[in-house]
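Peer 1: Would you mind keeping the following structure in view while I ask a few things?
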């Protein structure tokens with residue numbers, strides 16, 4: 001026996017039965033599913049572990065089945081005894097076997113094949129009814145398939161045909177097949193048998209067919225219900241795993257964004273501080289501008305960090321904290337870099353329209369990273385930044401500067417900023433490429449307009 005228990009599943013995912021799903025979707029834990037190997041059938045039959053109501057209903061059905069079988073056995077022995085065309089000993093033995101078969105129906109679901117064999121003995125050899133055999137066949141048909149079910153149905157068909165043939169040979173007024181028809185008039189000859197020989201077998205075939213059809217119908221319905229139940233369990237588990245994966249991916253994205261943003265800001269602060277140290281005595285105005293740039297960059301980094309931490313705590317959206325700088329802030333970014341002594345120029349041909357938040361943030365970060373790189377590795381060269389785009393064509397950014405022969409001003413940084421930007425752009429359907437092109441260093445970015 002194998003058991004799929006979603007009670008254990010609920011506890012493994014840290015919630016109690018009936019507790020709302022941690023990701024907002026209410027998942028009520030259903031009763032566990034039990035897979036029962038078909039007795040002699042080689043297959044499996046699904047059934048929901050019984051509740052109190054189900055147990056009561058099964059007991060009621062079992063009581064009714066046993067009572068009906070015993071009633072038919074008593075009626076058959078009474079009719080057979082009254083007709084007088086069968087030896088009383090045979091009738092008595094048949095009655096005992098019929099009662100035994102009726103009582104054995106209590107265990108028809110636990111041992112269906114054994115119960116079926118018991119119920120077949122009586123009507124096969126003695127003049128008794130086959131009601132218990134029909135009820136046992138109903139239970140067997142719930143688990144048996146193919147040749148085994150056909151063999152069981154054929155055996156019950158034979159005993160039903162024999163039992164009804166016994167009935168057909170009785171006096172007409174004591175036959176179940178002719179019961180209810182007009183009785184012979186007083187003084188007339190009582191007809192011993194006026195039913196065609198094929199009629200009992202036709203009736204037996206109809207009864208067996210009805211029993212098997214009903215059992216298969218109920219079995220199919222049960223299997224469909226259980227298949228839907230198992231599918232729902234699998235769907236719930238898949239939803240939990242998918243939500244966990246989404247949350248993990250979001251944490252990874254936020255961590256990467258935090259690293260890139262803070263690293264870029266700290267790198268710029270370091271470069272500004274280095275420039276401030278060099279020009280402290282020569283250019284007081286530049287000192288003031290550089291100090292202002294350090295202050296502004298530090299505040300931007302702090303705001304970004306607050307936004308990211310707010311998302312990780314679940315206390316709000318990053319947009320509420322103003323953590324995402326958009327494409328509208330590129331102009332201020334270039335102006336502040338120019339004021340800090342970076343040689344840069346912005347050329348913008350961006351059509352009016354609402355740019356997507358993620359697309360705008362990637363564009364801002366590309367420009368920010370380009371400014372940081374040119375300050376670190378080509379501080380004596382001019383950086384030309386071109387921003388073009390439309391809702392139809394998307395947004396394209398080109399940042400180009402000549403390669404410098406000067407030594408890098410600093411080695412601070414993980415050198416992974418452009419790789420992180422390429423991953424961010426790829427997530428929203430864009431791309432970022434960077435590298436030397438002849439005597440130039442080129443950073444190229446394209447992102448969809450509305451991402």
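Counting starts with 1 at the first residue shown.
Note: Cβ is positioned from N, Cα and C throughout, glycine not excepted.
Here the structure is a predicted model, which means the values were calculated and not measured.
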Peer 1: Among the residue ranges 60-82, 221-243, 244-266, I'd like the one that TrEMBL describes as transmembrane segment.
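Peer 2: That would be 60-82, the stretch labelled transmembrane segment in TrEMBL.
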Peer 1: Could you tell me whether the transmembrane segment (113-137) and the transmembrane segment (60-82) are in contact, taking contact to mean 3+ Cβ pairs under 8 Å with a sequence separation of 6 or more?
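Peer 2: The transmembrane segment (113-137) and the transmembrane segment (60-82): touching, yes.
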Peer 1: For the transmembrane segment (195-218), find every same-chain residue at least 6 residues outside the stretch whose CB is under 8 Å from a CB in it, and list them.
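Peer 2: Those are 134, 137-139, 141-142, 149, 153, 156-157, 160-161, 163-165, 167-168, 175, 177-178, in sequence order.
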